[in-house]
């Protein structure tokens, strides 16, 4: 019987490298695919594409798999980056990794892999897939959290559909990150000690405000407290996100006390796009930073349909602990009420629902309801 062919995305990082080795050990025919998805500034000091390709090719040689490079820069710019900029211009804070996974890593990449005769694709994400074997959902594929809760990436994968998940393997889903590092060291992979990437999907770890400034027009405006007092000037609403503390530029006013009695560090609490006004508050637990409910749109449900109205858990940001909530979901919209108020619920970010370890899907936060 011919081996199943798996095309794996190899980024030059440790996770995808160890994933390639694991797949080969499991008896698959493995082909590596390195994706180049950004080329606006290949010569920038922040662009690591060349080194990443060298690392990926070196690992492929050690592991014993073929590897090729493919350029998805045009697809990334059209499907991900353009939407990323539109969201920032609208005053929201998007998560490009969510859209990149759905549109590039599991769509453009999947399509290319099929042209290479792949039976399955694989990535180095920390998540799991499981086929339902009985009951009314028999044959459905579920997206589950990774065993290593500290590295779980199901939040970023919640927009994947049945067609995508049914063709996907996550070799690291049952493995802890510490074990991945050990395997890389034992294999003497050339990137065994390489740091994990923490930058924007495919764009890297460059200064974010400087990067946005190249693509967005901006207009300075007033920075106000809830009582309407002007305490400074913002450089442009696109450069701020709810809950932000650093980079506001009011470090010398920490002891200032507002009429509401709050004092302490300043946080971004609200963006009034219509009036180009940034509202800031003092104190981590200021009421303007706490939300009891949210609304979301652009829903994507893993099972292809909205979950029934029952108690679930939600995440409104990566690595947040699951939060108990009640919800009413349709194919297109979500209304969610938290059991306990949540901090800095941010329009543009994703609200993702879970039933235990099972990721149900989610959508883009459009608004939140303050506790006061």
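Backbone N, Cα and C atoms are what each Cβ position is placed from, and that goes for glycine too.
Under the heading ATP binding site, Swiss-Prot lists 9, 10, 11, 12, 13, 14, 15, 16, 35, 124. Of all the Cβ atoms in the protein chains shown, 20 others lie within 10 Å of the Cβ of residue 13 (ATP binding site).
Summarising the annotation, Swiss-Prot assigns active site, nucleophile to 100 and lists sequence analysis as the type of evidence. DSSP gives residue 100 (active site, nucleophile) a helix state.
Per Swiss-Prot, disulfide bond is recorded for 100-201.
Look at Swiss-Prot and you will find 125 (among others) tagged as site 'Interaction with tRNA'. For residue 125 (site 'Interaction with tRNA'), the same-chain residues 6+ apart in sequence whose C-beta sits under 8 angstroms from its C-beta are 15, 153, 156, 157, 170, 172. Mapped onto three states, the DSSP output places residue 125 (site 'Interaction with tRNA') in coil.
Taken from Swiss-Prot, the feature active site, cysteine persulfide intermediate applies to 201.
Marked as site 'Interaction with tRNA' by Swiss-Prot on the basis of sequence analysis: 349 (among others). Following the DSSP three-state reduction, the secondary structure of residue 349 (site 'Interaction with tRNA') is strand. Residue 349 (site 'Interaction with tRNA') is surrounded by 25 other CB atoms, counting those within 10 A of its CB over all protein chains shown.
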Identify, in sequence order, the residues in the chain of residue 11 (ATP binding site) that are 6 or more apart from it along the sequence and have a CB within less than 8 Å of its CB; answer 'none' if there are none.
34, 35, 52, 56, 124, 197
